[in-house]
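These notes are about the structure you will find just below.
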Amino acid sequence: MTEIQKPYDLKGRSLLKESDFTKAEFEGLIDFAITLKEYKKNGIKHHYLSGKNIALLFEKNSTRTRAAFTVASIDLGAHPEFLGKNDIQLGKKESVEDTAKVLGRMFDGIEFRGFSQQAVEDLAKFSGVPVWNGLTDDWHPTQMLADFMTIKENFGYLEGINLTYVGDGRNNIAHSLMVAGAMLGVNVRICTPKSLNPKEAYVDIAKEKASQYGGSIMITDNIAEAVENTDAIYTDVWVSMGEESEFEQRINLLKDYQVNQQMFDLTGKDSTIFLHCLPAFHDTNTLYGQEIYEKYGLAEMEVTDQIFRSEHSKVFDQAENRMHTIKAVMAATLGS
């Protein structure tokens with residue numbers, strides 16, 4: 001086996017939110033993931049976690065996160081064990097503290113995807129092993145590594161990139177893009193109706209990172225201002241998990257913020273890429289899509305099918321990169 005050097009000594013560390021790491025560490029993980037992607041492509045084994053056991057805790061359903069952690073674990077030589085919402089009793093029949101102490105005795109690392117940021121923080125506090133946040137209502141750090149890896153693959157650099165997020169400014173993707181982008185020296189623009197502006201607490205964290213690392217933060221409801229000369233347009237679903245009752249309200253608020261060809265024309269450049277963490281409502285080929293069309297007459301929601309399937313779209317590279325970046329995090333924090 002050809003050995004490769006991990007980017008930094010992150011052994012024993014947890015990834016709970018982007019600001020847990022420095023700019024150098026975060027970009028180091030991205031570069032490490034790019035290397036691991038080449039290793040996988042070329043069939044070079046990289047069993048950094050041979051003999052390790054990984055707990056995958058999922059309160060929320062997932063396709064990409066579960067698949068990425070599972071394949072990443074196996075590629076690294078570890079054994080992943082999935083524990084779904086019917087298998088774990090976090091805070092219900094058993095406290096998070098007690099659960100963490102039990103799992104920490106049996107597993108070498110723990111992934112958590114759920115609602116509460118406090119839950120993932122407590123898992124890390126009490127388990128005694130590295131814990132990785134696969135998504136909470138507040139932050140989505142593993143997604144950020146994949147997103148900025150995809151941007152770096154397309155442009156060759158991150159510092160000075162203009163990134164525009166269009167949609168609900170209060171969700172975890174918007175929070176994480178602001179903070180991770182600011183840490184990496186990216187100019188992050190959040191384009192959202194004023195009523196969906198991100199909370200000041202998250203904006204303040206991002207602005208502090210921007211002043212430290214050279215990025216910038218813009219919050220605006222002006223689409224033309226937000227996308228002018230931007231390198232990447234990013235959107236997410238208009239309604240997050242657990243908010244399904246708010247579809248009509250969100251559609252009314254965000255229908256003018258759909259990512260479409262007109263928006264891309266406003267960028268003034270041909271090289272702008274499109275990003276989405278998926279799943280995306282870009283057609284009626286799902287039960288959800290059909291239901292939305294029947295209720296509200298919308299065949300496309302946050303992005304048009306034209307843009308989703310265009311050469312601008314890097315969403316499937318982005319999805320693949322979840323696996324490579326998650327692998328980098330696990331190997332760097334748990335590997336030997």
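Cβ from N, Cα, C; glycine included.
According to Swiss-Prot:
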- SER62, THR63, ARG64, THR65, GLN89, ARG113, HIS140, PRO141, THR142, GLN143, CYS277, LEU278, ARG322: carbamoyl phosphate binding site (BINDING)
- ASN172, ASP236, SER240, MET241: L-ornithine binding site (BINDING)
Where ASN172 (L-ornithine binding site) sits in the secondary structure, as DSSP reduces it to three classes: helix
CYS277 (carbamoyl phosphate binding site) and SER240 (L-ornithine binding site), Cα-Cα, nearest whole angstrom: 12
ARG322 (carbamoyl phosphate binding site) CB neighbourhood, other CB atoms within 10 A: 27
ASN172 (L-ornithine binding site) versus THR142 (carbamoyl phosphate binding site) - Cα distance in angstrom: 12
When distances run from the Cα of ASP236 (L-ornithine binding site) to each of the binding-site residues SER62, ARG64, GLN89, CYS277, ARG322, the nearest one: CYS277
Cβ-based isolation winner (fewest other Cβ atoms within 10 Å) among the binding-site residues SER62, ASN172: SER62
Distance [Cα-Cα, Å, rounded] between GLN89 (carbamoyl phosphate binding site) and ASN172 (L-ornithine binding site): 24
Other CB atoms within 10 A, centred on ASP236 (L-ornithine binding site): 25
The one of ARG64, HIS140 whose CB sees the fewest other CB atoms within 10 Å, among these binding-site residues: ARG64
10 Å Cα neighbourhood of ASN172 (L-ornithine binding site): matching binding-site residues from SER62, HIS140, CYS277, ARG322: HIS140
Least buried by Cβ count (within 10 Å) of the binding-site residues THR142, SER240, CYS277: SER240
GLN89 (carbamoyl phosphate binding site): tally of other CB atoms within 10 A of its CB: 13
Longest CA-CA distance among SER62, THR63, ARG64, THR65, GLN89, ARG113, HIS140, PRO141, THR142, GLN143, CYS277, LEU278, ARG322, per record bound to carbamoyl phosphate, angstrom: 28
For ARG322 (carbamoyl phosphate binding site), the three-state class that DSSP assigns: helix
